[in-house]
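S.K.: The structure that follows is given in the form of structure tokens.
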């Protein structure tokens with residue numbers, strides 16, 4: 001075997017073991033008995049220890065030094081292995097262990113502080129998380145600390161570039177939300193009962209309409225919906241709120257977007273460095289375009305309305321037009337995960353600015369709540385009424401996930417670009433959606449983006465699919481046109 | 001850390017990883033998408049390779065040489081680690097790989113041969129399995145080849161000892177079956193429909209009645225029911241045949257026996273060499289005593305009959321007395337897994353005698369079918385009508401599981417002993433069973449046997465619980481009394 005082949009054989013086993021860890025994560029969130037937590041933690045720790053030893057195996061350095069790529073795909077594979085090896089080995093074992101212990105403990109402390117509306121109980125822990133993440137970032141790069149962390153989620157992106165883009169987006173979003181909230185039209189909320197079994201049946205129909213391959217996946221319930229796995233085994237989860245049907249339905253379509261991406265990657269890339277989505281941002285572009293640009297489109301909601309009347313009977317919505325407005329109802333709220341398409345990016349930008357200030361050192365953890373509340377009032381026009389509606393709402397910081405938040409909004413920006421390119425390239429898309437299938441869209445996304453996995457860097461992945469460099473323009477145009485039409489503003 | 005502590009720390013991680021492999025096995029048989037088989041095979045192979053490297057890690061030999069036990073439990077732990085290490089390292093890597101590949105392939109060949117009633121298509125593969133298992137046995141021991149293999153399932157047992165016991169049992173069982181089948185009483189079979197959801201609800205009630213801890217387990221459907229896991233996460237599976245309710249119900253109670261054993265082991269033994277059941281035979285004693293001596297008792301079936309009438313309405317059975325006879329209906333059949341309590345051991349003895357002849361070299365694979373059919377006619381009074389009703393019916397030999405079969409009958413013998421001791425020690429047992437709970441019995445079994453895990457060798461485990469050395473007498477007495485009474489013979 002050549003050095004390249006030896007490295008890829010080793011890497012393949014590591015990927016397989018890492019797939020097992022992901023499968024255990026799925027098990028834990030869906031079917032694991034509640035009394036099994038301690039034992040599972042020990043099992044996961046044992047597996048993580050095996051994985052860490054493999055990822056820092058000194059033979060990798062030797063193989064990398066000797067391996068020769070004969071194709072661009074091989075060259076990209078070597079780059080990705082080198083990148084991962086360098087990042088993993090630069091963090092001293094002592095720091096990695098300390099961080100792992102801390103964030104595991106921190107999540108419990110955060111959850112309790114949030115439940116008790118007691119920020120002070122969480123601040124010392126968060127300070128410690130920030131301190132260790134800054135230390136880790138300094139190990140990873142001699143440059144900007146926040147960029148060093150961002151690299152884990154959106155390789156190649158910089159906070160300056162993202163920040164500049166967000167700064168261009170924010171005024172247009174704030175202006176649009178003010179126009180929409182000032183409009184005369186009042187969109188009602190649904191008030192009816194939607195039985196769980198029927199919601200789940202409809203969720204399955206929706207996942208099928210978006211091309212989810214059930215022979216290589218399954219749908220289960222989870223507290224926080226997620227997608228897990230790759231290749232031949234990509235599972236999605238959803239949740240059901242009996243008072244309204246959209247939580248289940250659009251969570252399912254969102255996770256179907258993530259899942260279809262992983263299911264569509266070239267089988268030859270399976271268990272290789274190219275075999276997963278290109279980045280968190282690119283992944284989110286798939287879940288978002290499925291959920292929003294396609295799933296909340298006039299065409300698809302028209303079809304969905306008929307299916308829902310079939311499934312639930314009269315649920316108090318007059319016609320497809322009103323249903324479309326309800327699905328896209330704009331309402332300012334404290335909680336990011338419940339936000340509409342228009343407000344969502346404002347939530348993300350707030351977190352992005354605060355977390356880069358925390359990591360950059362210009363904001364102290366002690367001042368975080370005040371900074372959050374001031375910014376929230378500026379962007380949303382409402383005062384935060386309690387910490388669980390404010391800076392304690394998201395789990396991310398307790399997990400040390402600094403650099404993760406911006407990928408949510410990047411995903412929306414990418415989805416905007418892809419939607420523009422796809423609509424130009426695919427005739428008859430709305431007719432298909434109105435008939436209950438997203439196939440022309442998902443075929444286009446599969447062919448132009450999904451099947452390539454990590455073959456290209458994230459921004460290049462989007463550019464190659466769209467034919468232009470990703471930018472915020474298409475998303476903002478789309479939002480202004482859509483919500484302008486719905487609200488007549 | 002002392003050498004003992006280092007060894008146990010290492011061992012604990014190995015046990016945790018091995019628990020993960022077991023969990024993946026559960027996933028594969030219950031929830032895995034059918035398109036995921038190839039990827040899962042690669043994941044399992046990667047994990048098995050990690051486990052094999054750990055089980056043959058040369059540091060174990062060094063730790064064993066230096067470790068000192070300060071308690072009997074520590075001494076037993078060292079013995080078990082040494083035993084496993086010696087067995088694993090004695091099989092050359094080349095042979096282990098060859099065997100693993102062969103049995104993986106052989107199961108498919110066996111399944112096809114069975115489906116096509118084409119024994120000739122399976123014989124060359126079976127010859128190869130027997131050849132490699134003999135080679136492995138010769139690596140494991142300089143003594144008897146079959147005993148070397150038996151050691152994997154029932155450590156400390158010998159085929160001479162088991163064979164002598166079976167030879168004492170067989171005439172009494174054959175005589176009993178002839179008396180019963182010659183009796184005037186004809187027990188009907190049930191002919192009704194039993195909806196799956198109701199069967200599963202009843203199965204859950206039954207598992208609860210036998211003390212299954214749902215906070216540390218769950219029940220799912222599987223093609224072949226099994227129990228999987230230990231400690232905090234012990235899952236059971238069952239199957240449903242809509243035409244009759246006993247497959248689901250008694251599979252569930254059987255697996256509940258296995259599960260309660262694993263759930264009851266001292267928490268301090270979890271992930272140590274003592275943390276699993278003592279042997280296949282001892283494990284089977286728990287599943288069998290739950291299923292048969294308790295679950296098919298007059299007292300429990302009386303309660304069950306009432307529950308079934310509640311659940312299914314009138315299903316054509318007159319009263320609890322007739323129901324008891326139906327649950328214990330004796331009927332000669334070709335298939336081991338469908339056999340009644342009386343015939344079951346005869347099925348096992350047949351396989352035991354044939355497989356020790358195969359491994360011992362006195363029977364050729366080419367002559368196996370003829371030998372099977374002759375023995376079956378002698379013990380069951382019926383000619384085998386096709387290979388799938390004969391020597392092709394069980395998967396075991398294709399998997400190389402030589403030495404496994406006798407543990408089924410050993411389990412029955414042990415269950416007979418435990419039943420005798422338990423009934424002497426626990427007053428009011430039948431009254432509790434008649435009231436729908438096996439608690440006094442399961443408490444006794446937990447206290448006297450289950451909680452000790454692998455602290456003692458298998459036969460000692462039974463002897464310590466019963467107060468006498470295990471022997472076939474109690475089981476035969478029980479069977480003769482029970483079926484004599486039901487059939488009036």
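Each Cβ is built from the backbone N, Cα and C atoms, and glycine gets one as well.
Unlike curated entries, TrEMBL annotations are predicted automatically.
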S.K.: In TrEMBL, the Zn(2+) site includes B:254, B:258. Which of B:196, B:242, B:244, B:284 does it also list there?
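M.R.: For the Zn(2+) site that includes B:254, B:258, TrEMBL also lists B:284.
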S.K.: Using the recorded Zn(2+) site (B:254, B:258, B:284) as reference, state which further residues of the same chain have their Cβ within 8 Å of the centre of those residues' Cβ atoms, listed in sequence order.
M.R.: B:227, B:255, B:257, B:283, B:286, B:287, B:288, B:290, B:291, B:411
S.K.: Around residue B:284 (Zn(2+) binding site), how many other C-beta atoms are within 10 angstroms of its C-beta?
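M.R.: The answer is 26 other Cβ atoms.
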S.K.: Rounded to a whole angstrom, what is the C-alpha distance between residue B:255 (active site, proton donor/acceptor) and residue B:284 (Zn(2+) binding site)?
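M.R.: Rounded to a whole number, the Cα-Cα distance is 10 Å.
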S.K.: Within 10 Å of its Cβ, which one of these recorded positions (B:254, B:255, B:258) has the largest number of other Cβ atoms?
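M.R.: Answer returned by the neighbour count: B:255.
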S.K.: What does DSSP call residue B:254 (Zn(2+) binding site) in the simple three-state scheme?
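M.R.: In three-state terms, residue B:254 (Zn(2+) binding site) counts as helix.
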